[in-house]
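Notes follow once the structure below has been shown.
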Amino acid sequence: PLPPATRAPPGGVAGRPETTGPGPGGAAAETGPGGDARAEGAEGLFVVLGAGLAAASHPLLYVKLLVQVGHEPLPPIVGRNVLGRKVLYLPGFFTYARHIVEVDGKRGLFRGLTPRLISSTLSTITRGSVKKAFPLEDMEHVSNKDDVKTSLRKVVKETSHEMMMQCMSRVVSHPLHVISMRCMVQFVGREVKYSGVFSAIGRIFKEEGILGFFVGLVPHVLGDVIFLWCCNLLAHFINTYAVDDNFSQASVIRSYTKFVMGIAVSMLTYPFLLVGDLMAVNNCGLRAGLPPYAPVFTSWIHCWRYLSAQGQLFRGSSLLFRRAPMPAGCFPTD
């Protein structure tokens, strides 16, 4: 998941409404038809940028999902680690993507893109709508000179507002996320069960009911909430206690703290993303959601325990250097 600073809703950074022109008390304000037009234009721009980013990153997400479900169509290759010992490596992203192109052509790399674009658009619009309905006043700069309780209260208020926007956008966009996941994993069994957005909606509703659109939602929401609170609180404590205002580059360091914390925390919350994606395709009639790829899970907790017992909670987190299990007696000369 992206750090909160890069997942800002349309119209500005979360907790900082976009403003232009002077306003009361020296604060900027945006009112009138011109301001509304600029706000709508900014929202449209964010929708377009979000869709473009989703389209550009789709092949990476596609390969990651196939690795997450355990589909390994290519044999491992022999390589050497940093110590010079022979090891087995599973194919990386580029090798895997080349295999998909050989099977389905270049257009095959964008299987499931349409529902993902709709999901991304719904997410962006929902965040913007929630932000307009529940605006949050401009947050003041938090430093170690502020009162600890006061500054922490600011961070808690801002994070709570951001969490509300993220949870609402996740709930609204999740049904299309489920459809996108199922369209992509059809590559495993060469199925055509989910061939379009509207036909997929009808099929899921007929076979699984309303709840079928929200399978895997709970771990995704939990991962988002844990990510936001851990990232924002860690960044706050580091900026407050570890960065001195007397240091000339203090503002620069503070601007990157949340980004760095986002990268670190995203690795810790990755199992929630993995479990949510696996639950979205589990027992849906596709080969990738049935044995031998995975048992039929009764709940996301069952899925978590199964992956934990297999040591696979971080499967698919890296697509460049993927170590394969070493067979017994392999490379006896080493």
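Note: Cβ is positioned from N, Cα and C throughout, glycine not excepted.
TrEMBL: automatically predicted annotations, no manual curation.
Residues or ranges marked as compositional bias 'Low complexity' in TrEMBL: 15-31.
TrEMBL lists 1-36 with the feature region 'Disordered'.
Residues annotated as repeat 'Solcar' in TrEMBL: 42-137 (among others). Averaged across the repeat 'Solcar' (42-137), pLDDT for the predicted model comes to 88.
Residues annotated as repeat 'Solcar' in TrEMBL: 153-241 (among others).
If you look at the transmembrane segment (210-239), the same-chain residues 6 or more away from its ends with a CB under 8 A from one of its CBs are 1, 3-4, 142-144, 151-152, 155, 158-159, 162-163, 166-167, 170-171, 174-175, 178, 204, 253-254, 257-258, 261-262, 265-266, 268-269, 271-273, 275-280, 282, 284, 300, 304. As annotated by TrEMBL, transmembrane segment applies to 210-239 (among others).
What TrEMBL lists as transmembrane segment is 259-281 (among others).
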